[in-house]
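Remarks on the structure that follows.
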Amino acid sequence: MKIAVLPGDGIGPEIVNEAVKVLNALDEKFELEHAPVGGAGYEASGHPLPDATLALAKEADAILFGAVGDWKYDSLERALRPEQAILGLRKHLELFANFRPAICYPQLVDASPLKPELVAGLDILIVRELNGDIYFGQPRGVRAAPDGPFAGEREGFDTMRYSEPEVRRIAHVAFQAAQKRAKKLLSVDKSNVLETSQFWRDVMIDVSKEYADVELSHMYVDNAAMQLAKAPKQFDVIVTGNMFGDILSDEASMLTGSIGMLPSASLDKNNKGLYEPSHGSAPDIAGKGIANPLATILSAAMLLRYSLNRAEQADRIERAVKTVLEQGYRTGDIATPGCRQVGTAAMGDAVVAAL
């Protein structure tokens, strides 16, 4: 099995190195091939997603991705900025389903900004559609307003749109995920205001007829954002569009105490996927050896589970992470009084030892 390893920028190389260390410690050996991406790709080839990197990603069975982005590239034109690499990979590999778990480990309850009783036992899966919605809808741009109270003045505009096949395929993914959990699925939209959201809701209801064992419910996105902070344990699997999912998954991540604990998977129709931590490249702490590698290590576990069909090995990694937390190991972002605070490499070593 070939894994494309794309460390990227900032803390990306440091945290990916620890995930690779864990993969190499397993009984099974994988072919790991590294390539530059993001700012590193731009430095190597003049583009954030070099042709050779894209070719490797297409050829591999799965992709382990670090993070991209750095302030020093902010002056580049948009198409050349590091962040375009992840958008390009999603597009070229047809990755349309994003899985973002939000799990509050018992050992980290006190690190959450919410009261312990609100987050103890929290286990949410957010399924976000990645390829449609207002992020990619056309037309978009800046122009002189053709009408309205400020006709002739400059205005910015975007287009929110979803096709039925796009909604149906993410619906099936979400329903199937719910079948493997508590058989509850919440669809989040804004159907009281947006035609696109009403269409989304109608398609979700239609697809639900194929999943009689799953209870489908609906919630407006503003209420969902409030309920995530008020009573997050009411949720199990949430499915939503690209923009709403982008916002809600970041909110859910902070319920757990640190975004440094949260993995993510972006999958195509055949479960080939790109796996990355939910956090960014954090250039302000790059090279200091203090970044939390656990989200990336857990992303490697998701890679084994979903793309390589190695559930037993994925379970081993997840158990090892829990063991390390039980032993009191903490990076600075999740440190609590009395813990054993360690750096990036030492945390990776602890997970390997726990294996």
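For all residues, glycine too, the Cβ spot is worked out from N, Cα and C.
What Swiss-Prot says about this protein:
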BINDING   Arg90, Arg100, Arg128, Asp222  substrate binding site
BINDING   Asp222, Asp246, Asp250  Mg(2+) binding site
BINDING   Gly280, Ser281, Ala282, Pro283, Asp284, Ile285, Ala286, Gly287, Lys288, Gly289, Ile290, Ala291, Asn292  NAD(+) binding site
SITE      Tyr135  site 'Important for catalysis'
SITE      Lys190  site 'Important for catalysis'
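Distribution of Swiss-Prot features across the structure.
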{"residue": "Arg90", "record": "substrate binding site", "DSSP (3 states)": "helix"}
{"residue": "Tyr135", "record": "site 'Important for catalysis'", "DSSP (3 states)": "coil"}
{"residue": "Lys190", "record": "site 'Important for catalysis'", "DSSP (3 states)": "coil"}
{"residue": "Asp222", "record": "substrate binding site", "DSSP (3 states)": "helix"}
{"residue": "Asp250", "record": "Mg(2+) binding site", "DSSP (3 states)": "helix"}
{"residue": "Gly280", "record": "NAD(+) binding site", "DSSP (3 states)": "coil"}
{"residue": "Ala286", "record": "NAD(+) binding site", "DSSP (3 states)": "coil"}
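Checked against Tyr135 (site 'Important for catalysis') by C-alpha proximity, the binding-site residues Arg90, Arg100, Asp250 yield Arg90 as the nearest. Arg100 (substrate binding site) and Asp250 (Mg(2+) binding site) are 9 Å apart (CA-CA, integer value). Take Gly280, Ser281, Ala282, Pro283, Asp284, Ile285, Ala286, Gly287, Lys288, Gly289, Ile290, Ala291, Asn292, the residues named in the record as contacts for NAD(+): the widest Cα to Cα gap among them comes to 16 Å.
With respect to Arg128 (substrate binding site), the closest of these binding-site residues in Cα terms is Asp246, chosen from Asp246, Gly280, Ala286, Ile290, Asn292. Candidate binding-site residues: Arg90, Arg100, Asp250, Asp284, Asn292. Fewest other C-beta atoms within 10 angstroms, Asp284.
As a whole number, the greatest separation of Cα atoms within the substrate-binding residue list Arg90, Arg100, Arg128, Asp222 is 27 Å. The binding-site residues listed here are Ala282, Ala286, Ile290; among them, Ala282 has the most other Cβ atoms within 10 Å of its own Cβ.
For the recorded positions Arg128, Lys190, Lys288, counting C-beta atoms within 10 A of each C-beta gives the highest total at Arg128.
Taking the Cα of Ile290 (NAD(+) binding site) as the reference point, the closest of the recorded positions Arg100, Lys190, Asp222, Asp246 is Arg100.
Most Cβ neighbours within 10 Å, among the binding-site residues Asp222, Asp246: Asp246 holds that distinction in the structure as shown. Note on proximity: of the recorded positions Arg90, Arg100, Lys190, Asp222, the one nearest Lys288 (NAD(+) binding site) is Arg100, by Cα distance.
Of all the recorded positions in the record (Lys190, Gly280, Ala282, Asp284), the one with the smallest CA separation from Asp222 (substrate binding site) is Lys190.
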